[in-house]
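Novice: So TrEMBL says this about it:
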TRANSMEM  B:12-38  transmembrane segment
TRANSMEM  B:87-109  transmembrane segment
TRANSMEM  B:121-140  transmembrane segment
TRANSMEM  B:161-179  transmembrane segment
TRANSMEM  B:191-210  transmembrane segment
TRANSMEM  B:247-266  transmembrane segment
TRANSMEM  B:272-294  transmembrane segment
TRANSMEM  B:306-328  transmembrane segment
Amino acid sequence: MIRTEEMLLNVGPQHPSTHGVFRLVLKIDGEIIIEAKPVIGYLHRGTEKLAENLQFTQIIPYTDRMDYISAMTNNYVICHAAETMMNIQVPEKAEYLRILAMELNRVASHLLWWGTFILDFGATSPLLYAFRDREMILNLLNELSGARLTYNYMRVGGVKWDAPEGWLEKVRDFVPYMREELKGYHQLVTGNEIFLNRTKGVGKYSKEDAINYSLSGPNLRSTGVKWDLRKDEPYSIYDRFDFDVVTREDGDAYARYECRLAEVEESLKIIEQAVEQFPQEGEIMAKVPKILKAPKGETFVRIEGARGEIGCYIAGDGKKEPYRLKFRRPSFYNLQILPKLLEGENISNLIAILGAVDIVLGEVDG
Amino acid sequence: MVQDLLHSSPGLANFGIFFLLATVLLLVILGFVTYGILAERKVLGFMQGRYGPNHLGGRWGLLQTVSDVLKLLLKEDIIPKAADRPLFIIAPVIAFAPSFMVMATIPLTDNLQFADLGIGLLYYVAISGMSVVGFLLGGWASNNKFSLLGGMRAASQMISYEIPLVMSVLGIILLTGSLNLNEIVAAQEGVWFILLQPVAFVVFFIAAVAELNRVPFDLAEAENELVAGFHTEYSGFRWAMFMLAEYVYMFAMASLITVVFLGGWLPLPFLGFIPGAVWFALKFSLVVYILIWFRATFPRIRADKLIEFAWKVLLPVALANIFLTALIKELLELF
């Protein structure tokens with residue numbers, strides 16, 4: 001007798017489109033997904049536990065490895081938390097360097113996402129264009145910090161290195177170049193009928209769902225919620241810059257795509273202004289004690305990373321090491337809505353939905 | 001020359017000549033595959049802002065594909081334990097053999113053709129349809145879930161697109177009144193069919209890309225979704241057979257488009273002093289270039305949209321084209 005049955009399909013942990021060691025256990029009927037179960041933890045390194053035995057300066061390199069696509073924001077969140085806890089005033093010049101580094105890194109992160117997202121649809125060229133432009137940012141960050149991916153650039157109380165000679169000019173030149181490139185990106189992909197077909201209306205969720213699932217970053221803003229910590233709870237010196245919070249109403253993969261590309265433009269605005277306002281004189285490190293001790297008590301800070309809100313909670317008990325360190329890792333939270341989105345979709349859409357969420361497995365697994 | 005041979009009595013000498021000619025054609029095709037792949041990688045590199053192969057065989061990477069093939073030949077032959085062994089072994093052959101068989105009817109110049117069949121076009125479509133069995137078998141026999149999905153996709157896609165493919169050339173058959181590829185070329189002496197039948201050309205080209213399993217219709221082997229589709233479990237020479245089949249089909253399809261729409265070996269006006277073979281090669285290269293260009297530009301279409309596109313867009317357009325062609329032809333004959 002002929003009968004059909006459901007099939008159990010393992011997508012990952014080794015799969016080209018899971019963007020790392022992410023595993024999805026799918027129950028499929030033909031190509032339709034009946035049930036999806038994400039399995040995570042393949043890249044768990046225990047950053048939070050390790051940090052309990054490390055001094056603050058020693059923790060910073062570990063944060064580089066969490067969200068390795070935009071490591072600068074992770075550097076910043078731990079420094080910011082420690083500074084808030086110890087009441088350290090960061091010099092103005094260091095703040096500008098931090099902003100420049102973070103925004104450049106945000107652009108690099110969105111570019112990488114753009115390239116890989118289109119690559120998931122089988123188009124190879126955009127990836128190489130994105131990498132070509134991202135390479136320029138990595139070179140800039142390399143000149144600044146001495147590393148291309150895991151920067152370890154910020155310190156509690158400031159930054160490690162001053163901007164080298166001529167660096168600001170290079171950043172200034174990069175902004176119009178990137179704007180020009182973005183036009184090309186839109187020409188190549190945004191209007192493409194096949195691309196629209198594959199993203200419009202795919203992976204749609206409502207405003208309420210986004211808030212209930214605690215989504216943040218472009219994933220939240222694509223549903224029309226105007227929430228950006230850089231604007232709503234300004235940290236560092238973000239209140240000095242004029243930029244918009246990008247929102248879209250549809251909440252589908254295409255809205256998230258538009259959100260991210262528009263965010264690149266906003267970041268370029270911030271970079272442009274930061275270069276203009278950059279103070280030539282000044283310290284890059286505050287006066288901080290040789291050995292940093294976390295005072296008794298708790299602190300929680302949150303900032304807007306490339307993928308969403310990165311939070312850092314520190315509990316101190318007067319020792320050199322934090323008593324407990326906890327990160328709110330945006331990719332981990334953004335991923336939680338996936339099983340709900342995947343139900344009833346087909347396998348081609350799975351790639352679009354997962355890609356649009358923009359996860360970094362180092363961050364998901366911690 | 002070939003025509004005389006075909007009509008002569010069978011004998012050992014004739015067999016030898018045919019065998020020799022077939023070998024020459026095989027070498028030509030393999031040469032194309034070798035340098036077609038290199039050209040594809042070079043052109044893709046050029047479009048994507050990188051170099052492409054540039055080490056082996058001088059700065060143009062002329063020996064890159066040769067060494068790739070050598071590597072594939074020397075690789076360990078792996079057959080998965082759970083695979084259906086006989087089917088697994090025979091699948092690449094089934095996919096590969098028809099791709100060479102279709103080459104027989106393509107008239108490369110006015111006197112170089114291996115089989116001048118009266119139904120050349122029909123033969124091409126019928127034989128090329130057999131390959132899908134190989135893809136489906138490969139996907140099934142691998143006993144891999146991704147491969148199975150890939151094989152199923154290949155089957156549904158190739159069967160769907162064969163229909164608009166055939167329908168689109170019906171207009172041309174109406175105009176020439178023949179299925180013979182030689183006569184189709186001869187009918188384009190005045191004006192190429194791409195100008196007389198532009199709609200048919202567009203439909204045919206799209207369906208051809210889908211038949212070739214190339215971007216944006218490469219769903220069967222969508223590496224981002226199905227890892228590698230029907231050939232996930234294949235490696236070494238068996239995998240090379242699938243790839244070879246794909247590139248020989250590219251050769252065959254580009255030749256067919258040249259013959260049916262671009263006037264085959266016929267020269268442009270006033271340029272008749274250039275030999276037909278050169279014209280054929282030029283037009284053929286243009287088609288191959290466009291195929292590579294597609295690959296650099298387009299993302300992949302979604303499986304359900306793909307089938308929808310074949311049945312809801314391409315087929316009605318092709319049918320309308322047949323109707324219009326027939327109508328115009330009748331009206332022209334009337335007056």
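Even glycines carry a Cβ here, placed using N, Cα and C.
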Novice: Return yes if the transmembrane segment (B:161-179) and the transmembrane segment (B:306-328) have at least 3 CB pairs under 8 Å (sequence gap of 6 or more), otherwise no.
Specialist: yes
Novice: In the same chain, which residue numbers or ranges, 6 or more beyond the ends of the transmembrane segment (B:272-294), come under 8 angstroms Cβ to Cβ?
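Specialist: Cβ under 8 Å, 6 or more out: 36, 39-40, 43-44, 47, 108-110, 112, 209, 212, 214-216, 250, 254-255, 257-258, 262-266.
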Novice: Taking B:87-109, B:191-210, B:247-266 as candidates, which has the most Cβ pairs under 8 Å with the transmembrane segment (B:121-140)?
Specialist: B:87-109
Novice: Excluding the flanking five residues on each side, which residues at least 6 beyond the ends of the transmembrane segment (B:247-266) place their CB within less than 8 Å of a CB in that stretch?
Specialist: 29, 32-33, 36-37, 96, 99-100, 102-103, 106-110, 121, 124, 128, 131, 169, 172, 181, 184-185, 188-189, 192-194, 197, 200-201, 204-205, 208, 211-212, 214, 276-277, 279-280, 283-284, 286-288, 291
